[in-house]
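Participant: The structure follows.
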Amino acid sequence: MAKPPRLLIRTFARYTERTAFERPLTSGVAYAVRVLHSEREQFEKQQGWTIKRMDTLEQNPVHKDDYNPDLLEPSPIQEEYAPVVFAQDIVSHVVSIDMLSGQEDSKNVLCARKSGKGVLTAPFRLLKTNRLGVILTFAVYKRDLPLNATPTERIQATDGYLGGVFDIESLVEKLLQQLASKQTILVNVLDTTNQSYPISMYGLNASNDGLEHVSLLNFGDPFRKHEMRCRFKQKPPWPWLGITTSIGILVIALLVGHIFHATVNRIAKVEDDCHKMMELKKQAEAADVAKSQFLATVSHEIRTPMNGVLGMLHMLMDTDLDVTQLDYVRTAQASGKALVALINEVLDQAKIESGKLELEEVQFDLRAILDDVLSLFSGKSQDKGVELAVYISDQVPQMLIGDPGRFRQIIINLMGNSIKFTEKGHILVTVHLVEEVIDSIEVETESSSENTLSGFPVADRRQSWKGFRTFSQEGFIHPFSHSINLIVSVEDTGEGIPLEAQSRVFTPFMQVGPSISRTHGGTGIGLSISKCLVNLMKGEIGFASIPKIGSTFTFTAIFTSGSSSSKKYKSQQINKMSNSVSSEFYGMRALVMDPRPVRAKVSKYQIRRLGIHVEVVSQWKQGLSSICRGSNAINMVIVEQEVWDKYLNNSTLFFDTLEKIDYGTPPKVFLLSNSISSSGANISTGVCNMTVIPKPLRSSMLAAALQRTMGVGNKGNPCNGQLNSLSLRNLLLGRKILIVDDNNVNLKVAAGAMKKYGADVVSATRGIEAIELLTPPHQFDACFMDIQMPEMDGFEATRRIRDMEHNINNRIHHGELSVEAYNNVSNWHVSILAMTADVIQATREECLRCGMDGYVSKPFEAEQLYREVSRFFQ
Amino acid sequence: MDLVQLQRQLVDYRTSLYHEGFLDEQFTQLQSLQDENNPDFVVEVVSLFFEDSERLLNELSKALEQQVIDFKRMDAQVHQLKGSSSSIGAHRVQKLCIVFRNYCEAQNVEGCLKCLQQVKHEYGIIKTKLESMFQLEQQILNAGGSIPV
């Protein structure tokens, strides 16, 4: 081993110094050469120093500046030595120290040369600085060794050892410069080769609370393990933002969840309700149907005894009756019929509710209808002491075309209401043309409240039609020339309708108070039905009501004039009474004594219907003077009860004067009284006979009274039944009628009825026979055909007959057949009427559809028969 | 019994028939069709009714004894009976026929049988009553009187 030149030592030092930047982590490098014991002396001589051994710190702690290598003891005798010969300046103090003398170092060296790899020591206190560090030792070989060289070969080839010193503290600090953060990080570097006893290389051993991040360090030495443990010096502050955000999100989530839950619940509840409603709706509909069925059934049950009553009255009419009895029976019958009609109306309500109501188009006499209605209510109004009166303007035509039943229904409803709620005063029904009223609107003067029928104030009728479109300037369109626009008012002096209830008046089932139905009866549906009907008649309905004064209901309706009697319309039975009677009194003169103009107007109207000329006076003395004047003979004097009560009751002057009239017969005196009983007792004896006529004044009553007193007119008018058969006789006399019915009994009865009216009857029992008999040419005027027959029913037979007729008519028209062969008739159409036991609407339509001209019920009812037959034979 | 009494008896009897619902208004109509031209109208019609009804009732009994009941045919026959009873005013019989028809429509054998029994019963009654009435009338006629309307 040659002595290394001094130059080499310095070169090494300088080289390592300059290249220190390449080794940022090492604090210094040094080279120790392998010296065998045999070479020691020589080596020491060459170096000029002895190989020293390392001091352990425990024995001699020395401050680093005081570190003097010369004070170290020479190394003891060993097999070999590893003195440092070259060193970087930083670690120059380790020159001449035997690396094999240190426990750790020797282990390291020996290991390095055996393995040929870099080996790290465990951390220990470095010489001189006493700082914690590790040394990485590489063995340097004399020659290149193959990779699979044995350790012995390696040991042999070893020249020296190169060691690098790692100052752990500075190392770690350098490493950790990148880890600078806002928080102070505590780092512990530990040698964990021995798991249970980690050796701390760097860092304070502060308590281990908090989070520690452990990472493994690899210095390249496979035999040793190192760890780095990092933790924050300060505990991390509460992450307020995170907490707040998450709490916020939680709250929001809860709310959303709650909303969702609530919504789902609500939906479920609503669906539930909906289901319940559907159920209830079904129940309600079923109840409605059941109610209608019940109504229909009950009504049918009521009709039977009613028919019995009517039948009895009918029979009564066929007996001997005088005029008054006849009138009473007629009234009873009319009432009974009205009741049956009302029952039918109840059934109609069901129709209305299901929207299937249609109006008839029939010719009718308005005045007759109102007479009927008047009779209906006369009893009740007399009981109550309320005066009932009807006035129809002259401009309203005699016959109208419309639905009399429904019109009557409306009037009955309104009058019924009035009667219910009126205890005193009057009920006045007036019928005018709308045109009359419109003209009078402008010229209407201040009407005094005293100027009413009974003297009691009334609600102003003009208020009741205030809102009608018909009267508004823009709204009034002149209807068709044929149409008659009526305005009807029902005025009463009753309780009136309380102001708060007035808006609900036309709502169904609405009554003013809960006690109303108890005290007055009724269901509260009348006005709403009336409203419906008025609307169907293209009219309007309104009212004016002042509580405690009275109410006036007004409605308009549009009809067409019925004066042209066209065969298309079925005509109701004309009031034979008025027709036949009016001729008897025509031309007579009457004097009416009545201070109230409205009432006098009503009386005048009723009397004039009989063809009697009327003069009205308000003062009895005036009347007396005009009687006595004698310029125009007065046949009768009609005195209002009021006048009688006030002036004439105790005065004989009136009657004395009358008796003394020297020309002609003195006029008969009639008293118009409110009730039958009251005035009966008042007629004092010795007075010329005065007849009492109960109010409401009706032409028929008047006529009856006149007849009785004046002996005019035929006593015992032909009663209704005979009247009917008379007219039927007129119609059917000599006509050839075919009756078709498979039932012998029916056939015989029908034929018998027809024969009675003077018709020439042929019977057949089968549809085929009928077809044969009715093949043109034939002499039949009409045919009554039963519908339900076994082989061929009435419809089929009629259809065939019509086809046949159509065929023949066509052929005649086209000249294929000669018209002479067919009795010179070119449009064959024999009137065929169906005879049916069930008179239902549906059957009627079917009848008409297959070509029939009408239908009558089985067994025959005289009125209906007359009605149907008169359409063809007039 | 003298004439007046007989006549009164007839009137009372007739009235009772109406009151008890055996006859209805139609019978009155029937009577009104009888006049000098047609003196025996009512008797003729009623006899025809008796013949017809007996025939129908027999057929109905037979029909209900069959294995397979022809309800349609029965319905038609009851309809006939209903028609004729209504034509002469045999009120109760007519009403029962309506019920009978319902049972036929419902094809209810039990109901039909029961109804048939009732109809036969009622028919028997009305026949007896009408025959009594005619006897009374005949007595009156024999006594030289006239039948009160």
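The backbone N, Cα and C atoms fix where each Cβ goes, and this holds for glycine too.
Just so you know, TrEMBL annotations never went through curation; they're auto-generated.
As listed in TrEMBL for this protein:
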DOMAIN    B:38-143  domain 'HPt'
MOD_RES   B:H79  phosphohistidine
Participant: Which state, by DSSP, holds the residue listed as 'phosphohistidine': helix, strand or coil?
Facilitator: helix
Participant: Can you name the residues of this chain that are 6 or more positions from B:H79 (phosphohistidine) yet have a C-beta less than 8 Å from its C-beta?
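Facilitator: Correct list: B:C97, B:R101.
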Participant: When the pLDDT values for the domain 'HPt' (B:38-143) are averaged, what is the result?
Facilitator: 89
Participant: Helix, strand, coil residue numbers for the domain 'HPt' (B:38-143) per DSSP?
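Facilitator: Across the domain 'HPt' (B:38-143), DSSP assigns the residues as follows: 93 helix, 2 strand, 11 coil.
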